[in-house]
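Quick look at what TrEMBL lists:
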DOMAIN    13-167  domain 'Metallo-beta-lactamase'
BINDING   54, 56, 112, 129  Zn(2+) 1 binding site
BINDING   58, 59, 129, 167  Zn(2+) 2 binding site
Ligand SMILES: [Zn+2]
């Protein structure tokens, strides 16, 4: 029974991830119901459940309507700002995707929002707006130490995981990453491949976690050489990983 993971486009640059076999489907972060219903109808699939990473409207906007239409369970963060009949998760929990015979574990990764979670197993990581390819989410509610701790949890996961992010931001993140590391050949190569993929309107995701660990600036804050480079570029002392993250995040916000 093969499982496919398909990005459904929503709003300008959101991805709703559809995880399915030839009968049953789960969706991650349905900001809109329409693309989900269109896909279910087109592929003749039953909606078995809904997974939510965080409370932002572009990730939950379709939740209540889909649940009402399909009478399926939903799982998400323990956060009152999310409406619907949602099973509230914390880090020790898991989600059994019964109809696909898969289990997802939960990571608590606050920073973009205070209750943000990710879902992962041995193959996949659904990380919402915490980690993007070549970037990370804006720090709307958290603080740098919290965000670094969350990214450290992601860093501890195996390299071969496919990373399914909430937005197609890879090209613009790449422009920033190249400003941070203008001499990185691996980064330049990756960005060239992304440009080709995006030119043919294909998604740049999923990305591989091992690749992100090497070239995503926000995952490199523990690297002393990276910190030294940033120090000389910004011309100010950077004392530790949290400091490094804070300066990077601020630079990206203004970029
Ligand atoms: Zn968000």
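Placement of Cβ uses the backbone N, Cα and C atoms for every residue, glycine included.
TrEMBL does not curate its annotations; it predicts them automatically.
Here residue 167 (Zn(2+) 2 binding site) is compared against the binding-site residues 54, 56, 112, 129, and the shortest C-alpha distance is to 129. Sequence-distant neighbours of residue 59 (Zn(2+) 2 binding site): residues of the same chain at least 6 apart with a C-beta under 8 Å from its C-beta are 14, 29, 30, 31, 52, 53, 128, 129, 166. In the three-state DSSP classification, residue 56 (Zn(2+) 1 binding site) falls within coil. For the binding-site residues given as 58, 129, the lowest number of other CB atoms within 10 Å of the residue's CB is seen at 58. On a Cα basis, residue 58 (Zn(2+) 2 binding site) lies 14 Å away from residue 112 (Zn(2+) 1 binding site). In terms of local Cβ density within 10 Å, 54 ranks first among the binding-site residues 54, 167. Using a 10 Å radius centred on the Cβ of residue 112 (Zn(2+) 1 binding site) and all shown protein chains, the other Cβ atoms total 25. A C-beta separation below 8 Å, combined with a sequence spacing of at least six in one chain, links residue 56 (Zn(2+) 1 binding site) to 113, 129.
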